[in-house]
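Pulled from TrEMBL:
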type    : residues                                               : note
DOMAIN  : 8-194                                                  : domain 'Thymidylate kinase-like'
BINDING : GLY10, SER11, GLU12, GLY13, ALA14, GLY15, LYS16, SER17 : ATP binding site
Amino acid sequence: MGGLFITFEGSEGAGKSTQLARLVEALQGVGIAAVVTREPGGTPFGTRVREVLLDPELDMHALPEFLLYSASRAQLVQDVIRPALERGEVVICDRYFDSSLAYQGAGRGLPLPLLQSVTREVTGGLKPDLTILLDLDPVTGLERAARRGQPDRLERADLSFHQRVRQGFLDLARQEPQRFTVLDATHPPERTAQAVWKAVQAHLNPLH
Ligand SMILES: Nc1ncnc2c1ncn2[C@@H]1O[C@H](COP(=O)(O)OP(=O)(O)OP(=O)(O)O)[C@@H](O)[C@H]1O
Ligand SMILES: [Mg+2]
């Protein structure tokens with residue numbers, strides 16, 4: 001499959017959406033129109049699933065939570081990500097399966113082999129070419145996210161959960177250093193955007 005698949009990962013308030021928007025601008029600057037999407041969501045079905053997942057009124061166990069994320073992901077891969085990559089386009093996704101491994105695995109304690117095996121089915125084995133992990137301590141991240149307004153269901157989880165999530169992301173990055181670029185998300189957005197652009201350019205050069 002052609003194209004280039006880039007994902008942004010990291011905990012609440014790390015700056016994923018901010019950096020994604022900057023990257024889209026940088027790509028536009030060199031004449032590349034990227035397909036931008038997010039998880040959960042990105043399709044009409046996924047958007048409905050997202051509402052359920054982020055609803056602070058709802059309680060859910062770890063397995064059904066994971067299965068809902070997986071349902072949204074399966075639809076997104078088939079309807080949006082795979083077709084765009086087959087057209088040779090650049091696809092940028094705000095979160096992808098690494099978030100499930102970090103949140104439902106490291107965070108909630110579901111066994112990684114189970115998550116990985118379902119994820120392989122759900123994605124058809126589609127992995128990002130590049131994953132930008134924005135690493136931030138959860139206290140700072142939750143403070144940033146709180147400035148945005150009412151916390152969603154995940155933002156309400158306790159601090160130790162968010163600390164396990166952060167560690168989970170770092171462990172994933174250590175296992176696949178060639179796919180991950182880990183950036184310190186405490187830096188000013190401009191500096192991080194430059195680091196993101198450098199990582200992306202390394203993948204663009206052979207293509208464009
Ligand atoms: N490098 C930075 N330094 C300080 N504040 C930042 C930085 N990057 C983003 N912010 C601010 O932090 C808040 C969260 O940023 P953003 O929404 O991009 O994070 P996110 O990772 O997408 O969060 P979420 O997981 O909740 O979607 C925003 O108000 C944003 O303006
Ligand atoms: Mg965001």
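The backbone N, Cα and C atoms fix where each Cβ goes, and this holds for glycine too.
One way to see the shell of the ATP site is to take the Cβ centroid of GLY10, SER11, GLU12, GLY13, ALA14, GLY15, LYS16, SER17; the remaining same-chain residues with a Cβ within 8 Å of it are LEU134, LEU136, GLY141, ARG144, ALA145, ALA185. In the predicted structure, the domain 'Thymidylate kinase-like' (8-194) carries a mean pLDDT of 96.
Close to ligand 2, meaning a Cβ under 6 Å from one of its atoms, are these of the binding-site residues GLY13, GLY15, LYS16, SER17: LYS16, SER17. Between the candidate binding-site residues, SER11, SER17, the densest Cβ environment within 10 Å is the one around SER11.
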